Structure formats: C-alpha cells, structure tokens
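In what follows, a single structure is set out as structure tokens and then discussed.
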Amino acid sequence: MKPNRLTLRSLLLPVLLSLVFSNVQAQTAEEKGLAIAKERKARDRGWGDTQADMSMILRTAHGQETERKMRVKSLEVMEDGDKGLTIFDQPRDVKGTAFLNFSHPLEPDDQWMYLPALKRVKRIASRNKSGPFMGSEFAFEDMSSFEVEKYRYRYLRDETLDGQTMFVVEHVPVDKYSGYSKMVAWVDQAHYRPFKIEYYDRKGDLLKVLTMYDYRQYLDKYWRPQRAEMYNEQTGKSTEMITHNMTFRTGLSDSDFDKNSLKRAR
Amino acid sequence: MQQSWSEHSLRAPWRTIIIWLLIIAGAAAGAQQLYFRGDYKVYFEDDNPQRLAYENMQAQFSKNDTANIIIAPPTDNVFTQRTLTLVHEMTEAAWQTPYSSRVDAITNYQHTYAEEDDLVVEDLVYRPDMLDDDAIREVRRVALSEPSLVNRLVSDEGNVAMIAITVNMPDGENIHKLGAAVNEVSNHVLALSKTFQEKYPDHRFYQTGVVFMNHAFDVEAQGDARTLVPGMFLAIIVILWILLRSILATLATLLVIVTTIASTLGLAGWMGYFMSTATVNVPTLVMTLAVADCVHLIASMLFYMREGNSKQQALSQAIAVNRMPVFITSATTAIGFLTLNFSDVPVLVDLGNLTALGVMIACALSLSLLPAMLRVLPITVRPRQQDANADWTERLGDWVIARHKRILPLSVLVVGVAVWASLQNQVNDIPTDYFDARTAFRQSTDFQSEHLSGMSTMDFALYTGEESGINHPDVLARVEAFGDWLQSQPEVDHVVSITDVFKRLNKNMHGDDPAYYRLPEEQELAAQYLLLYEMSLPYGLDINNQVNLDKSATRVMVTLQNLGSREFTAFEQRALDWVADNAPGLRVTSGSPSVMFAHIGETNMRSMLRGTLLALVLISLLLVVALRSWRLGLISLLPNLLPAALGFGLWALWSGQINMGLSVVLSMSLGIIVDDTVHFLSKYAHAKRDGKDTAQSVHYAFRSVGRALWITTLVLTVGFGVLSLSSFALNSDMGMLTATIMVCALIVDFIFLPTFLLRFDRAEQQKGSLHET
C-alpha cells in the first residue's frame with residue numbers, strides 16, 4: 001500500500017476505492033492502521049535536525065507543581081531511530097547533566113549520560129525505557145521518535161475531535177519491555193498529526209492520556225505541538241511539556257551526538 | 001397517642017394490620033438502596049487526623065496499599081530454579097491484578113551493577129530457564145545482601161519469598177467503590193494463587209497485606225450476616241416456643257421481628273446508610289431487643305387469660321400494664337444506642353442510630369401490630385395449672401429477703417473487687433488479631449510473622465521544605481541515621497529508605513568498589529545519580545513511592561511486628577521524638593492503616609466515656625420521671641452501673657484488652673439493663689404505694705416481674721451470645737461482654753438491689769406515688 005494513495009483518499013475516497021479496488025473490504029483494519037502509520041512517518045521525513053528549549057511542569061493531583069527545564073537536540077536518522085541529546089538545566093543540582101540516546105525501533109536504545117559532578121560519561125545498559133522521565137508522567141518511550149516498526153497497528157474508526165476528522169488507530173508495542181499493552185492515537189486526516197494518545201497499562205486499563213496543543217508548522221512542512229499534556233488517569237498527576245524556540249536544520253551532525261559531545265554540552 | 005394506637009388496633013385489627021403492612025412495605029423498599037462496604041476506612045471519619053495524615057502522605061508520594069502473596073517452597077529454599085521460575089512467572093502474572101500499579105519481588109528487583117564504565121540495570125532474575133548453579137548462587141548473594149529485599153521480599157534465611165502487589169484503590173469521591181475494588185483485587189490474587197498452586201502443588205501460598213485485611217473484614221461481615229442472623233432466628237424461635245408454649249404467639253412475635261428488621265433496614269436505605277462490618281449486626285441486635293417487648297406483652301396476655309379472662313380482656317389489660325414500661329425501656333435502650341453518636345468510629349455511630357431506630361420501630365409495632373395480630377389469631381390457653389408451686393424467681397426473692405443482712409456485705413465485697421478489676425482493663429487494638437485463628441487471613445498473617453515479618457506498617461514522611469532538598473548531604477545523613485535507628489528498634493522488621501539506593505548507586509558508579517557503599521558527599525552528585533537511576537527503571541518500579549514530586553521530601557517505610565495499639569503508638573512517638581531531637585530541620589509525619597487503628601481505640605474510648613456519662617444522666621432523669629421519685633431514681637443508679645462494672649471486671653480476668661468494639665459496650669448495655677431496673681422498681685414502687693412494707697414490696701416485685709426478667713435476660717444473653725460466635729473480634733467481643741453484662745444485670749437486680757432496698761429503703765414509707773400503668 002502506497003502512502004500517496006492515502007492522501008487522495010481523504011478527497012476522493014468513495015469513488016477511488018470503488019474504481020481502484022474490486023474488493024474494498026479486502027483492506028483489513030490492520031492494513032489500514034499500518035498505512036496510516038506509514039503515511040504519518042512519510043509526511044515527517046526529511047526534517048534533518050532540530051534544537052529546542054523545553055519546560056516540564058509536573059503537577060500532583062492536588063495542584064502542587066514543580067518545573068524542570070532542559071534543552072533538546074535531535075538528529076534524524078534514516079532507516080533507524082533518531083538520535084537525541086538532552087541537556088538538563090533545572091533543577092539546579094542536575095544542571096549540565098547530559099543524556100544521549102540512539103533510539104532503535106526493535107532493539108534496546110543505546111544510552112549514555114554525562115554526570116558533571118562525577119565528571120564521567122556512563123553508558124546505561126538497560127532494557128527499560130518505560131520508567132518516569134525526571135519523575136514526570138512521561139516515560140522516555142513516550143518521547144522518543146515515532147518509528148513504524150515499533151508497533152502493530154489496527155485502524156479502529158474515524159472520529160471528529162475538536163472539529164477535525166481523525167483516524168483512531170490502535171498501536172500495540174512490539175517491544176516486550178514497553179510499559180504499555182496498547183495505545184490508541186487520534187491522528188488528524190488532514191496532516192497526520194497525533195492530537196491525542198491514550199496509553200493502556202499492562203492489565204489493559206487506561207493509564208495516561210497525552211493531548212497535544214498548538215501545532216505549528218516549520219519549513220512549510222513539519223508540524224510540532226508547542227504544548228503537550230500527559231494526564232495520569234490512575235493517580236490524577238499530570239505533566240505539561242512546553243516547547244520554546246524550536247529551530248530546524250541548525251547544522252547538527254553525527255559528531256554532535258557522540259560520547260565526546262556529551263561533556264562539551266553545556 | 002400511644003393509647004389511641006393500641007386501642008384502635010384492638011377495635012379494628014384487620015385495618016391496623018393492613019395499614020401497618022403497607023407502611024412497612026413502603027419503608028422496606030428502601031433496602032434496595034443499601035450497599036455494602038467491607039473496607040477498613042469505614043472505621044474512620046473523613047477528618048480523622050491519622051487518616052488525613054496517611055492520605056496526605058499518599059497524595060505526596062504514591063499510594064502504597066498492598067496485596068501480598070507469600071510463597072513457601074517445600075525445600076525451605078527459594079533459591080532453586082523451580083521456585084525462582086515460579087516467583088518470576090507469578091510476578092509477571094501479578095501485573096494483571098486489577099488496580100495494581102506496581103509489583104515487587106526478588107525476581108524483578110532492579111539489580112544495578114558496574115561493568116567498566118557501564119551501569120547495568122536489569123531484573124535480578126531475567127531468564128529463570130537459563131539459570132545454572134552459579135547464577136543461582138549469585139542471585140542468592142545479591143538478594144540476601146540487599147537491604148530493600150531482606151525481611152520483606154525474602155526471608156533472611158532464604159526460605160520464604162513474597163510478591164508485593166501495590167494497588168491504587170479508589171478513595172475520595174469514589175470511596176463507595178472501595179469495597180467492590182477490594183473484592184476484585186482479592187479474588188484476582190486468590191485465583192492467581194490457585195492457578196499457581198495447581199502448577200506447583202508442593203509450594204504453599206499465603207495472602208496478606210492491607211487489601212487482604214480489608215477482604216477479611218468483608219468476608220467476616222458477610223459470614224456474620226449469613227450464619228449469625230439465621231442462627232439468631234432459630235434460637236429465638238426455640239426460646240419463644242418453649243416459653244410461650246404457643247405456636248401462634250411465636251409466629252406473631254416472629255412477624256413483628258421480621259417487619260421491624262425489614263423497616264429498619266429499609267429506612268436505613270432511604271436515609272443513605274450503607275452496610276458495614278459493624279452495621280451488619282443491626283438485625284441481630286434489633287431482633288434481640290424487639291423480642292423483649294413482645295415477650296412482655298404476650299406473657300401478660302397469657303397470664304391474664306390463665307386467670308380466666310377472655311382473650312380480648314386479657315389483651316386490653318396486657319396493653320394497659322405494659323404500654324408505659326415497654327415505651328420507657330425502648331426509650332432508654334434507644335438513648336443508650338444513640339449515645340454511640342459520641343463515637344469517633346462512623347460505623348459504630350451508624351450501628352447506634354440504626355439500632356435505636358429499630359428499637360423504636362419495635363416498640364411501635366409491639367404495641368399496635370402485635371395486639372392486632374393477637375386479636376385475630378385463635379390463641380387459646382389451658383387454665384392455670386403450674387401456679388401451684390411458685391416460680392423459682394419468687395422463691396429466690398424470699399431467700400434473698402430472709403438472708404439480706406448476710407448477702408449485702410458479700411455483695412459489696414464482690415462489687416468492690418469487680419470495680420477494681422474493671423479498672424485493670426487496657427485499651428488495645430491489634431487489627432490482625434480481630435480475626436480469630438479459624439480465618440484464612442489470620443493464618444496467613446501468623447505465617448508471615450513467623451517466617452518473614454509482621455504485617456503492620458508505619459510510614460514516615462520527612463519534609464525538607466525546599467525543592468531538591470533530599471539530595472543535600474546533611475539531609476541524607478540524617479535520613480540514613482533515622483533509618484539505622486529504626487532498624488535497631490526491637491519492634492522493627494524492615495526499613496525502606498532512599499539512602500540505601502544512594503549508597504548502592506555510589507558504589508556502582510565507582511566500579512562496584514565496596515568502599516564507596518556510602519552516601520554521596522555532594523548534592524549535585526546525589527541529584528545526578530537519582531536522575532540517571534530514574535531514567536533506567538522500568539514502568540511501575542520507579543522511586544515515586546519514596547521521593548515526592550519536587551524531591552523536597554522522602555518517605556521511609558517501616559514494617560513492624562503486629563503490636564498492640566499501646567506499643568504501636570509508643571513506638572510512633574519514640575520515632576517522632578527521635579527526629580525532633582536528631583533532625584530538627586526536618587518536618588516529620590507518620591501514617592499507615594496500622595497507625596490509624598492504633599489511635600482509634602483510645603480516641604474512641606475517651607469519646608465514648610463522655611457519651612456514656614450523658615446516657616447515664618439522661619436515662620436516670622427518665623427513670624426519675626417514670627418512677628416519679630428522685631429517691632428511686634437515685635437508687636436505680638446502682639443496678640444500672642454495677643452490671644457494667646461486674647462485666648468489665650470479669651472481662652479483665654478473661655482478657656483485659658479493650659478494643660474499639662468494646663468501647664461502645666458501656667453505653668449500649670446501659671440502655672438495655674435499665675429495662676430490668678425499670679420493671680423491678682416500678683413494681684416495687686407500685687406495691688409500696690399500695691401500703692406494703694419493703695419486704696412485701698420486694699416479694700411482690702419478684703412475683704410479678706421475676707419470670708419476665710429472667711426470660712428477657714435469657715433472650716438477650718442468647719442474642720448477644722450468638723454475636724460472640726463471630727470469628728471477628730470486634731463483633732464477638734462486643735457480643736460476649738454484653739451478654740456477660742446482661743447476666744450480671746439480672747444477678748444485681750435479683751440479689752444486690754433487693755438487699756440494698758431492704759437495708760436503705762425501710763426507714764420511711766415511700767410517699768412518691770408511681771405513675772399509673
């Protein structure tokens with residue numbers, strides 16, 4: 001199934017389908033889900049690299065809050081997961097700590113961390129990426145790049161969310177170390193941007209809901225939400241992630257994402 | 001109004017019956033609104049200070065109520081491939097438990113170690129099928145040297161392992177769902193245990209933890225409802241049949257009892273009450289108390305019929321004679337139960353209010369519905385035949401009158417000893433001991449205590465007051481010292497402290513050099529370790545249960561032996577004092593379900609003493625009015641108070657432990673035993689008013705109410721005795737002590753009160769005339 005056909009679908013869906021396919025029903029929910037995922041990935045291809053400042057506001061069920069700040073550099077990697085470098089600025093006692101991650105769709109990520117207080121780079125050998133990121137409601141796996149191979153898909157239905165027509169697609173993680181049994185994503189049919197993702201825990205109960213706000217388009221092509229909120233349905237805690245000053249194609253290369261670059265990152 | 005009711009019921013019995021049945025049906029329909037809560041929080045007010053402290057702590061960190069599965073392998077060694085495989089499989093499966101948020105066991109313990117400059121973070125047992133002897137030895141070495149595991153998830157000898165399933169139970173506005181959630185979790189864990197029991201038949205499985213304590217509350221309450229209520233019915237039918245020797249009269253009484261219970265529960269439903277471990281016994285109590293009203297009325301009617309009166313005449317006379325005493329005794333009983341409103345335990349307040357409601361309904365029904373039914377039922381009696389020899393109570397009366405000079409000093413001595421003994425009782429609540437050895441929960445907690453640890457917990461939250469404050473070396477040093485101090489206390493089985501994580505990470509970061517198994521010396525280092533560690537943990541095994549959102553506070557979690565509330569609160573105070581003395585910069589709070597139970601007994605006892613005092617004043621005033629005599633009202637204080645003194649005195653010899661269920665016995669029993677006094681003294685005063693002397697009046701009192709008194713005492717004793725068969729101590733102790741007090745009340749009324757009257761009420765002829773009954 002080719003992605004471009006999906007683009008047309010939203011315009012000429014009934015006519016095209018009846019013309020092109022002799023048996024419309026042959027496209028299973030799984031095939032359709034996969035097609036949507038591929039199109040989503042295809043539309044975001046070629047962004048190159050980005051840099052952004054991020055704030056995370058952590059809130060308890062009772063409204064107490066605390067803020068974390070970091071800078072994030074990302075490098076697009078074709079045929080593999082992306083590379084990411086996170087430099088922590090706040091709280092003060094972790095300032096300068098830098099975290100490098102090479103994500104891989106099916107194998108454990110490669111991860112290194114530079115601890116300025118120890119003046120050492122440590123490689124983290126762990127299959128886990130489902131724990132809370134800096135005590136927030138985000139797990140590292142929620143923030144790593146979207147790769148088609150990470151999930152098995154099932155198209156569920158179309159639904160209107162905030163006036164936009166969305167595909168509702170179920171994602172089942174392939175990695176057995178994922179913290180989730182499944183996710184359900186609402187992807188808009190116009191631009192294939194996720195607006196809402198429900199995360200279900202291992203016993204199949206709704207655990208968290210991620211909602212994206214204020215999508216902004218960069219380079220006339222790439223959409224990024226300026227604000228995202230993860231709400232934990234089971235504990236009532238939430239984390240708001242705010243993106244400031246995102247810039248694209250800043251000239252980063254592989255050499256900015258290696259062990260040596262960690263110590264330099266300030 | 002009373003009078004018109006009763007008279008109307010005799011003039012138009014069918015109409016009375018039909019109207020009542022309609023009213024009752026309307027009331028009873030409310031029973032559909034009743035729901036059941038079997039959780040422990042029903043014992044605590046929403047604003048109970050210990051409950052607030054605990055819930056605040058859970059909001060700051062994460063909820064840490066657990067359901068535990070203890071696994072005992074046949075070889076007394078969990079470090080075998082087979083048992084580790086079991087623990088591994090079961091831990092994986094336990095993630096499916098409803099409401100679960102984390103599962104901890106030795107197999108998924110996040111083992112960290114250094115490999116050159118790598119920090120490896122992985123499950124201690126990753127692939128149990130790949131374990132060879134060396135690997136098992138390594139697992140054993142790591143597990144038995146890790147402070148967070150030993151004596152909690154594995155015994156120090158390695159012969160027992162535990163899986164702790166942390167659950168996120170509904171609370172706040174969803175608290176009414178807690179009971180159902182407890183059942184769901186417990187049933188899931190029990191089913192899981194059963195599955196693994198079948199797969200590993202040589203292993204034994206035990207379930208403990210707060211969730212299972214809740215479950216046990218629920219099971220015991222339902223068990224009480226299932227066995228005690230029918231048992232009570234049976235006992236009452238037998239007693240009534242023997243005493244009244246009339247099937248129809250027995251049936252009429254049963255109908256009054258059933259309709260009383262139905263309307264009480266129905267009205268409870270309409271008013272938004274729920275059923276709980278305490279209120280589940282309302283039917284038994286109401287039944288017991290309703291029987292007494294009916295017995296008095298029917299016994300009088302049968303008495304007058306045997307005297308040769310027609311049924312209608314006998315019934316009218318029976319109503320005339322009993323209307324006031326039945327009303328007064330019901331009112332005093334209701335007052336006694338209503339003073340349970342002083343209790344700090346919400347479900348005991350409910351128990352008091354519902355029973356008081358039931359008692360007043362019983363009073364109304366036994367003065368209207370019962371006469372109406374007796375009117376239409378073809379009841380006949382054989383003319384008097386047994387009157388030839390007087391009832392044993394009458395002969396007892398004569399014996400007491402004859403020997404009162406010798407009995408009085410003896411009575412005073414007995415009473416003195418009893419009062420002294422009753423003061424030897426101590427308030428003490430041990431929640432795990434609420435359940436007797438027959439219950440699965442108790443067997444499990446006993447097994448846990450014997451092989452692993454107690455089931456009691458106490459959590460301490462230490463607040464630094466500043467963001468990232470817990471990373472500070474001074475704070476860490478004090479937290480560590482507190483942990484060490486806790487660990488050295490004889491009551492303590494296990495301590496979870498974040499400082500153990502810091503020490504382990506510091507070692508890992510220095511190539512696993514044991515010399516670095518110590519706290520990091522700079523705040524930045526500590527903070528960065530924690531950041532690194534947090535990022536490498538899997539879902540559910542994070543440190544949010546030990547560190548709060550902005551890392552300004554940490555929670556130290558202690559497992560203790562299952563102590564009594566006195567030792568428990570003493571330990572708590574010692575720990576709080578330690579922090580105040582040794583870490584003055586840290587604010588500390590303590591909390592846990594065990595802490596809540598440890599405090600409630602004492603708080604409740606204090607409140608109930610106030611309630612009892614009020615009940616005593618109100619009831620005595622009521623008696624003064626009813627007996628129309630200050631003098632007799634004052635005298636009545638003795639027979640009203642002594643039974644409780646005797647009962648609690650005997651209790652001191654028997655057990656000496658007062659749990660929160662017993663703290664309400666005093667005011668509750670007061671309202672009931674007053675009935676005996678009312679009946680006895682009113683007859684006594686009646687005789688005196690007729691010009692009889694004290695001895696003659698005492699004799700008259702014995703003759704006219706002696707039989708009714710011992711019959712009602714028998715019924716009450718059996719009723720509360722049935723309650724004492726509960727395997728749930730809050731109910732069984734309450735039943736046993738109240739039954740004891742009932743018997744004591746009869747002894748006091750039959751022996752002490754007459755001798756007292758004979759000694760002190762002879763000087764002058766009582767002028768106060770008795771209320772016309």
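Note that Cβ sites are derived from N, Cα and C of the backbone, with glycine treated the same way.
The range from B:153-171, B:324-342, B:514-532, B:628-646 that TrEMBL describes as transmembrane segment is residues B:324-342. When TrEMBL is compared with the stretches B:407-429, B:660-682, the one noted as transmembrane segment is B:660-682. Residue counts for the domain 'SSD' (B:251-376) under DSSP (helix as H, G, I; strand as E, B; rest coil) come to 110 helix, 2 strand, 14 coil. Listed as Cβ neighbours of the transmembrane segment (B:354-374) (distance under 8 Å, sequence separation of 6 or more from its ends, same chain) are residues 2, 5-6, 8-10, 13-14, 16-17, 20, 249, 252-253, 255-257, 259-261, 263-264, 267-268, 273, 279, 282, 285-286, 289-290, 293-294, 297-298, 301, 311, 315, 318-319, 322-323, 326-327, 330-331, 333-335, 337-338. Between the transmembrane segment (B:12-31) and the transmembrane segment (B:708-730), fewer than three CB pairs separated by 6 or more residues in sequence fall under 8 Å, so the two stretches do not touch. Where the transmembrane segment (B:660-682) meets the stretches B:227-244, B:251-273, B:324-342, B:608-627, B:708-730, the count of C-beta pairs under 8 angstroms peaks at B:324-342. Between the transmembrane segment (B:708-730) and the transmembrane segment (B:608-627) there are fewer than 3 Cβ pairs closer than 8 Å, counting only pairs 6 or more residues apart in sequence, which means the two stretches are not in contact. Most Cβ pairs under 8 Å to the transmembrane segment (B:324-342), among the stretches B:227-244, B:251-273, B:608-627, B:736-758, belong to B:608-627. Summarising model confidence by region, the domain 'SSD' (B:251-376) averages a pLDDT of 88. Same-chain neighbours of the transmembrane segment (B:251-273): 20-21, 23-24, 26-34, 233, 236-237, 240, 244, 279, 282-283, 286-287, 290-291, 294-295, 298, 350, 354, 357-358, 361-362, 365-366, 369-370, 373-374, 377, counting only residues six or more beyond its ends whose CB sits under 8 Å from a CB of the stretch.
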